Amino acid sequence: MPTLDDILEHIGEFDLFQKQVFFVLCFMSAAFTPIYVGVIFLGFTPEHHCLSPGVAELSSRCGWSLEEELNYTVPEQGRRGESFSSRCRRYNMDWNTTGLSCINPLENFTGYYGNRSSIPLTHCQDGWVYDSSGSSIVTEFNLVCEDSWKVDLFQSCVNAGFFFGSIYVGYIADRYVWDSKTYYPSPPNQFLVAFAPSYLWIVIFRFLQGLVSKGSWTAGYILITEIVGPSHRKTVGILYQVAFTVGLLLLDGVAYAIPHWRWLQLTVTLPCFLLLLYYWCLPESPRWLISQKQNDKAMKIVDYIAKKNGKKLPAHFQNINLEEDDGEKRSPSFTDLVRTPQMRKHTFILMYNWLASSLQYQGLIMHMAMAGEDMYLDFFYSALVEFPAAFIILLTINRIGRRYPWAVATLVAGVACLIMALIPEDIHWLKVTVGCIGRMGITMSIEMVCFVNTELYPTFLRNLGVMVCSSFCDVGGILAPFIVYRLAEIWHELPLIVFAVVGLIAGGLVVLLPETKGKTLPETIEDVENLHRKTDIWTLCSPKENSMLLLIISY
């Protein structure tokens, strides 16, 4: 009985229909960007200090410049990030007191004998003053000092939504109700973030964003990789991720033009309402219909594809089936992932690499934005390097293989983070350059772990294996903001040291995995156990390849 891939060879593997679907799905990939890394602009923390009643009036009377006002009235005023006191404490004194000197106003304070440290400090009871012409959730809800961890939670909530959404899409939905047209983004959740009346509601809406958005992005990836021929799957999969990079550049431009977080959120959300039309514009996945024993519906879609491509379906292709063993089907089990030695090794290494890739990717973006002199320009430069990363992957995966390019890319990312931590702050251009190299390496690592994950599991266990391993990507995303922002308060470069160690370990572990270039996808656990052998075991086994390559990917 012919397979869907056999039919695609006759009606077009990547013809007009597939190109149209690919184009509209790339729009959805780009639209995912504000959800994934929007915290850079929505949660931007500008320079700030305590609001002290009476200081503005005194400054106006004395004719102080801004620098003089800060020097006279802010404790331990210094360079960016040097002093917690300069940002989160103020002098416990009444600046409305008459007779304060314009030359040295603190000399009038009782108990001051030339040493500022003897002046008692107090919390910022009256709020903060922010050095920014725009706004963010930080400036609106005062998420600084003792409440600065709430910015971390803001980003972690969306990753928690990714995590629970992945479980639904990857397991429950795949078994019972999965429909690739059901999971296109839910713009109302994004829309509500822009009108959230309080921080609590922002966190709730942010979690709901993550709950549906990752499944939407994944559904688009799966659909496009299922309706193209085998020779084009990896290419369209990587280019689908390149569309995400285009989204990064667009987000940067829009955020620069609209520096107010509510308007920014509204601007990036409104185009997403067009995605609701996808329910009627895109076809259902014929492979999924086949798996649900709905061959008649699948054949109607195949006929439609042939018509759009200007091809005619051969008469002898009356039915199609999944390319799988004719023997007894096995139900996937979580214990199968760790039951045998090689499966256990693959599972633990892939789990760690998913976590490490996400931790480094999101963490590096947040750290560069936090440390940069120009947040928008640094974000633009680091996003640009994702294009050559995709190009290098396309050149190497079928020539060199998967394992060594993946290991080198991960090690480069780790080394780059280490070098960044050692570069002095005043050599900013070099710090950004090295950061961009690290960003390119970790981008390659993420894209490589995506499809290698599918190549290391047998057919019946593939979707479950990818779902379990890729869920650790979301765990890394949950941890990333806390590592970046909390550890930076101890030492600004400490998060980079953590990323370096995590990346170097990940790169070393990759070398322990077998090379999958030119190997048929494993069909049984026994095939996986034999992958490490140098002898081509596929000449000894049934060489039938399951070409339904469902790549469930997470950034």
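Every residue, even glycine, has its Cβ placed from backbone N, Cα and C.
Copied from TrEMBL, the annotated features are:
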{"type": "TRANSMEM", "residues": "20-44", "note": "transmembrane segment"}
{"type": "TRANSMEM", "residues": "153-171", "note": "transmembrane segment"}
{"type": "TRANSMEM", "residues": "238-258", "note": "transmembrane segment"}
{"type": "TRANSMEM", "residues": "264-282", "note": "transmembrane segment"}
{"type": "TRANSMEM", "residues": "349-370", "note": "transmembrane segment"}
{"type": "TRANSMEM", "residues": "376-397", "note": "transmembrane segment"}
{"type": "TRANSMEM", "residues": "404-423", "note": "transmembrane segment"}
{"type": "TRANSMEM", "residues": "464-488", "note": "transmembrane segment"}
{"type": "TRANSMEM", "residues": "494-513", "note": "transmembrane segment"}
Sequence-remote partners of the transmembrane segment (238-258) [C-beta within less than 8 Å, at least six residues beyond its ends]: 22, 25-27, 29-34, 36-38, 40-41, 220-221, 224, 264, 267-268, 376, 379-380, 383-384, 386-387, 390, 393-394, 447, 553, 555
Same-chain residues at least 6 beyond the ends of the transmembrane segment (20-44) whose Cβ lies under 8 Å from its Cβ atoms: 132, 134, 136-138, 143, 151, 154-155, 158, 184-185, 190, 209-210, 213, 216-217, 220-221, 223-224, 227-228, 236, 239-241, 243-244, 246-248, 250-251, 255, 261, 264-265, 268-269, 271-272, 274-275, 278, 281-283, 308, 362, 365-366, 369, 375, 379, 481, 555
For the transmembrane segment (376-397), distant same-chain residues with Cβ under 8 A (at least six beyond the ends): 40, 234-235, 238-239, 241-242, 245, 248-249, 252, 255-256, 364-365, 368-369, 405, 409, 432, 435-437, 439-441, 443-444, 447-448, 517
Long-range environment of the transmembrane segment (464-488) - Cβ separation under 8 angstroms, sequence gap at least 6: 39, 81, 148-149, 151-156, 158-160, 162-163, 166-167, 169-171, 214, 332-334, 337, 347, 350-352, 354-359, 362-363, 366-367, 370, 450, 453-454, 456-457, 494-495, 498, 550-555
